[in-house]
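Okay, so here's the structure we're looking at.
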């Protein structure tokens with residue numbers, strides 16, 4: 001496994017844990033907990049693949065499903081011993097979640113550029129791959145998606161996508177640009193949490 | 001018409017009735033009632049077709065639309081004479097609804113295996129075809145989808161999908177496996193209603 | 001630019017303004033305001049393109065994105081000086097919004113007939129292109145989509161779609177039929193606002 005595969009696996013486990021804990025906190029049943037874990041981890045990538053006309057990787061036999069399953073099981077184990085809300089805000093989850101956001105934004109940008117979409121499209125797909133799963137989960141939980149109201153989260157993926165586009169336009173290799181994108185997203189997200197950055201409303 | 005076609009037609013009518021009655025109960029206008037009837041009946045299949053890259057059958061001239069239209073008209077006729085809530089819980093609707101869940105899960109599994117998705121993908125598509133329409137409707141009605149919180153409904157389609165995959169892997173013909181899947185889903189759903197099965201939450 | 005291009009541009013700006021003002025009124029942050037502006041303007045067309053298996057025009061370099069961006073900026077400028085709710089109900093926004101509904105319904109019908117979907121499919125795609133963006137935005141804002149409950153809005157696009165299908169079936173050229181469709185949708189929508197038409201509920 002290279003560094004991307006590791007980041008991707010960490011992200012899938014973290015996103016699945018977050019989704020399953022949110023579901024458990026909202027008193028969904030076991031199936032609902034599993035569904036929200038899977039959708040939080042895989043929903044962004046599925047939406048991206050549908051937009052560019054690919055059969056979603058999650059349905060065609062990728063190992064991503066296994067990592068997601070691990071995350072759901074970990075969440076179930078955690079949910080029986082500790083309080084879900086506390087876990088969702090704990091630093092132990094924030095760092096792997098930031099790894100996932102970074103890995104997914106970079107993957108989304110790579111898929112976008114391979115599919116030949118516009119620069120705007122690449123930025124949209126980077127952001128969507130990073131935050132799409134959490135957005136779908138929040139809609140199913142009957143909430144305004146947290147990425148639209150709270151702090152500096154989707155913005156990290158968006159900035160990473162813009163940097164990726166600028167780097168590729170400047171002649172940097174796609175793979176290097178994707179690594180830089182992931183690094184910037186990860187650093188920005190940790191900074192945003194640490195400094196409690198928020199976007200203004202109007 | 002073979003047994004599948006009959007089950008599919010019964011299911012479309014039943015799902016359209018359920019969707020339209022829910023919309024009427026939520027005080028949507030006539031268009032909203034029709035839209036929710038159509039989406040409840042056809043939304044699962046449309047989502048499945050989009051995921052495997054097919055133009056949705058519902059848009060390309062299948063007879064499914066006619067059965068759905070019948071269901072919407074029946075629901076409108078019912079809604080003017082009786083109370084919607086009572087109807088939604090009545091056994092007269094539960095049995096055809098279980099027929100629909102069974103038919104749609106089997107169709108979803110067949111489409112999945114034809115599209116060459118993974119075993120996990122086949123189970124997802126079977127479940128999604130069965131419960132996707134109701135989920136979309138609940139999201140539009142601004143509710144947590146009932147399949148994520150209430151009783152033993154999506155689980156029936158999921159178990160049917162798993163059985164289908166195991167049967168096909170064991171060398172059983174797809175058509176026979178689909179019939180077995182439909183039979184199991186139908187029986188499980190009726191049992192679940194009768195025994196008031198629920199999945200635990202954590 | 002021909003008349004269609006002008007109507008399309010007016011509609012994109014108007015829809016983006018409406019989406020961004022709704023987001024600002026709901027206290028979303030800057031990113032949420034931009035996302036809802038973009039989704040309200042482009043979401044209907046994106047959903048339509050996904051359903052007929054095309055890469056969404058909005059991601060593959062169309063000028064639509066620029067007009068949408070203009071709308072978001074105008075909304076931000078407006079939101080800092082006046083109250084959002086008053087603007088959303090003002091006639092200054094109702095007319096360009098009706099232009100957009102008309103342009104998008106006509107475009108949706110044209111895409112549908114090019115993609116070879118059924119007559120029912122053409123009507124669905126005309127309606128969806130017109131109201132899909134607003135529906136997605138309302139779902140993200142955790143509301144029942146206004147097109148399902150309030151007055152005579154989606155119905156205008158639906159009637160326009162039916163007229164388009166009848167005209168094309170009667171041998172009228174697609175382009176002429178699309179212009180007639182847009183004209184009817186625009187007139188119906190203004191009439192509906194002026195006379196306060198509503199669909200009945202049951």
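Residue numbering: from 1, along the chain as shown.
Each Cβ is built from the backbone N, Cα and C atoms, and glycine gets one as well.
According to TrEMBL, the domain 'Glycine transporter' annotation covers A:6-78 (among others). Averaged across the domain 'Glycine transporter' (A:6-78), pLDDT for the predicted model comes to 93.
What TrEMBL lists as domain 'Glycine transporter' is A:95-167 (among others).
The transmembrane segment annotation in TrEMBL covers A:33-53 (among others).
The annotation transmembrane segment is assigned in TrEMBL to A:65-82 (among others).
Residues or ranges marked as transmembrane segment by TrEMBL: A:94-113 (among others). Residues 4, 7-8, 10-15, 18, 41, 44-45, 48-49, 52, 54, 121-131, 153, 156-157, 160-161, 164-165, 168, 174, 177-179, 181-183, 185-186, 189-190, 193 of the same chain lie 6+ residues outside the transmembrane segment (A:94-113) yet bring a C-beta within less than 8 angstroms of a C-beta in it.
The feature transmembrane segment is assigned by TrEMBL to A:120-140 (among others).
Positions annotated as transmembrane segment by TrEMBL: A:152-170 (among others). Distant neighbours of the transmembrane segment (A:152-170): 101-102, 104-106, 108-109, 113, 119, 122-127, 129-131, 146, 176-178, 180-182, 184-185, 188-189, 192, 197-199; these residues of the same chain sit at least 6 beyond its ends, with a Cβ under 8 Å from one of its Cβ atoms.
Look at the domain 'Glycine transporter' (A:6-78): DSSP puts its residues at 60 helix, 0 strand, 13 coil. Under DSSP, the residues of the domain 'Glycine transporter' (A:95-167) split into helix, strand and coil as follows: 60 helix, 0 strand, 13 coil.
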